[in-house]
């Protein structure tokens, strides 16, 4: 979406003039301060002002192959221009690095940039070299020994003959990684590993960039030495020739095909047939294989767990951004679109004035803001635990792991739902590719599965919760995020509706954990094994974990709000208060079944909360446009005919339609070939 | 998806052998009898065995333009072959018609064929000539006078120089059709209408087939005679030259661009600049304009309302089929996919053995079956009311209208949710285009908006319900589907869980209607106009209508089940009983908040129902594969690597991946052009 210079639509002008908050103040807070806001804007201008980064054709008109080629071309230009940016800003750095020297923080920053607004604006179907930075380099860094890092890291960082990816998942094996089949047999005589794909289901399947782009792969394979199994280990394998890019002998590699989204990722398949690599290409920071075939067990790879948590923290952030992009588009559209008079003979109102429309959009804005508060908390929690881990203290890891798992699941699922609901709130126009909901949804819904499938992660959290519940019976001290379970008092409904709602959600979570625990005990008494009992309690366990996440999200929003209100301008604090209330009540009302099951609440009290909720929607209405402006999404980031800052929805819809390649010829060739014969009865 | 001849996967063989029901018996019932089943299968074979209808390339690899051209070519071949089929089967008919002579039933049958399994198998992104049959011909038939029908109908039916569509929606105007801006001014001197598009927002926008395909359009426009407004009227306009297909003078026409799905539809935009048509091209069955400009009002177009209802009845059917296709794919995939041992050291089980997986899939199968029962009821109800209408009796129309509106909304929304949940239940593989969930979802989610947007239709039902509620206070006789509102007794929880659940859902609906009515009264007392009061009660009104639909769906399932059990083989009746129970309890548990709010139900009673629900999932498990087999979806209809009858998911995933055009060359041109320079630091 280019910025076409058009006057801002009168309806949006009026909305902005009437707002009681300053979008710029909000944007400053949202970006984490003035400096960061300016920095981000400068980087966006640097790219968006460059016509080389303006797609000549909307990607929805491209074929799968065209999109790949287009994305690789843009991706390499992007890296070059980003290096230039670094040189301009840090001329004395001299490392030639993308953002300075290489450490895990640099890679994290790059990952944030790529999955952030700039990245998704330029690469709506994902960045085609992402896995090199997001997985290949971090794995070398975390799992290579010093010698290996010296040999590979600098080259890989500069992409000197190396484009890498990371291959774990197989065609027949996902979540349960012990089931992976790819094997690496050590040949002590030649000091080599021999990699093989013993069956169709053992083909590596899904790794990004692997189809046509990468030439090296870190492969997770079952290690065998003299026929004895030593578990999964990472191996560095060249799959394409550095000079010709032809697949190396024994390598069967290709792209797995089109998907709902992320079609520039070049997800690949990979099979091995007696592929040999030297011994020093098993990454040996942890376990080692000595030349004679002696296996040396390493320490537990604690930092690896940390990386898994880190990725989940990022995902909560990513899906929140997607949700708020969708909410921004839907809000601006609803402020310009007019339909269905409320009063007969009155002009058609902005659809944002229909209460049912407010109920579709505002809770999603509120949700996104509260997810942001949770992502910030989780990020600080993560950093605290990482410091402890580095000092050898792993005590906090299970709590962090449990919280990140259930938040990843719940935030992803609800963002998916939210984005789709916001699309639908734009009626038919939301169904158009030019509205860009398809790309936003495509990326957000992939996160439902990757890095831990929804239910699998909830069950991981649930195992932790059940253990904690047992501990709570023994009156041990509980971790902070679980502490509410010790409070067994019933809900006392007070005038503080927010506190009532949060406490009610906590009681639901605690009750559900207890019920799951009881069911497991019961099944055990009936003679079931612990595992079968857990399977039979699967529904209770997974919903308990989701309830735990919701209680956390509500409580955390309230707590963070209180902190923020000390520092924010009062009018911003007031609007944030509205949003936190909307989020908490919306969560309460969506969980009403469980809440009424586990709490004694009268109909009149529920009604009171419902009325407050509707009042809040009306109260928030005047600031809706100004608030979404404050997320400061550039038009190119939203990439939507419906969501531009100037509100020129109809001009842009028509403009995009006219760019459609089908409209380049007045008469399509189908007429002579097919339609005319049909109309002459000649078929 | 071609049928590759492979042995049926052992897991599916075992599932089928162990089932207690016969898929073939189920299929016979489901198809409406042996004869219909055979007829459908014969027609499917007729097309699927013809290599001309086997796509050389998966559509997910085509560009937008390629897909259009491919679809038109296939669409015209389809019509020709269908005519041949008719000639073969009814050689003496002699009308040359598609299925005999032209009447509304013939068109309805054609519409059913096109949106049914065969149609979606051949045209996964919709049939490119659909609107000609689905809207253009019915409009001519229903709104043309005898003279006009004589002139146009036969030619249009044979597509003799005519491919038509129907243009109502405009860029700035959807639901509220009185707001349409396109105008037709009568010029009495020349006995012509002059059509104009007075603004950008007045452009016709969305009509299918309109971009490049159609050459005639029925246009809905505001009629003006001597500057006086006479409301919306239908006009027949040629937009492209019959011989050259060039747009006629004054016509600005094109395609509106790519969408989430249905990309073969060629949705178009259309603007008029002083386009003149003769007087006799206003369709005059109802209102007329005499040569001198005299406007003659016609009778109320009752049959038009009937057509609107008919389309909604069909949509309930369409989205049900989509949901069950998705459920069939997910069930077969879950029976073959193995993951995550339940017992440690045991082999990985079929994921269908995980209770959490059963809870994702089985309620959707149950939902689809119960929607089918509702669609059948609605179809009979529709036919009864149409007979009454033809006899001039319009009494039953409001009830039919109200029921069809809320069912269309609820069934569409929940099918959307269900299809997406089923896709997610297939993990990452569900995200692949070759799994075909994207096409199924794309068609089903379009129905959320078209032919009446979700909330708009719910509000229409709600208006009817509130009126009925007022009537019930005056003790009038209520229509059958509303009658439950008169029963004001509280729920008495008995051993009959099904009856409890249905009654609880009815009490929710009745309570919500009452609350909406009370809120409107309250707002009126506060001085709000009736319309503003309705806006303020919008959330109550729309959720009341949805609750009404859910209560109907549950009650109807129970009632139809009882009838069916008299005729079906006992084992089939038993499995249907399980499915109806699963559906009703699932509906109950999803609505638990409202249910507990408006009914006195103890925790232990809810728990009893939850346990019964989980037991039913386990009980249904052994018949899951056999039951979805009974829907008798041909592999080509499912079009899914994950859903084929033989369960060869991995072979097919790999086979489809290898057909990917990106894999045709070992090295993509991007390597020399972009990746190699990048790796040599030359960027």
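A Cβ is built for glycine as well, from the same backbone N, Cα and C atoms used for every other residue.
Residues annotated as domain 'Acyl-coenzyme A oxidase N-terminal' in TrEMBL: B:23-161. Confidence for the domain 'Acyl-coenzyme A oxidase N-terminal' (B:23-161), expressed as mean pLDDT, is 89.
For residue B:169 (FAD binding site), the same-chain residues 6+ apart in sequence whose C-beta sits under 8 angstroms from its C-beta are B:204, B:205, B:206, B:207. Annotated FAD binding site per TrEMBL: B:169, B:208, in sequence order.
Positions annotated as domain 'Acyl-CoA oxidase C-alpha1' by TrEMBL: B:305-466.
The Cβ of residue B:451 (active site, proton acceptor) lies under 8 Å from the Cβ of B:308, B:311, B:312, B:315, B:408, each on the same chain and at least six residues away in sequence. For the recorded site, residue B:451 (active site, proton acceptor), the DSSP three-state label reads coil. As annotated by TrEMBL, active site, proton acceptor applies to B:451.
Summarising the annotation, TrEMBL assigns domain 'Acyl-CoA oxidase C-terminal' to B:499-679.
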Neighbouring C-beta atoms (10 Å sphere around the C-beta of residue B:208 (FAD binding site)): 26
Structural state census, the domain 'Acyl-coenzyme A oxidase N-terminal' (B:23-161) (DSSP three-state): 100 helix, 0 strand, 39 coil
Mapped DSSP class for residue B:169 (FAD binding site), helix or strand or coil: coil
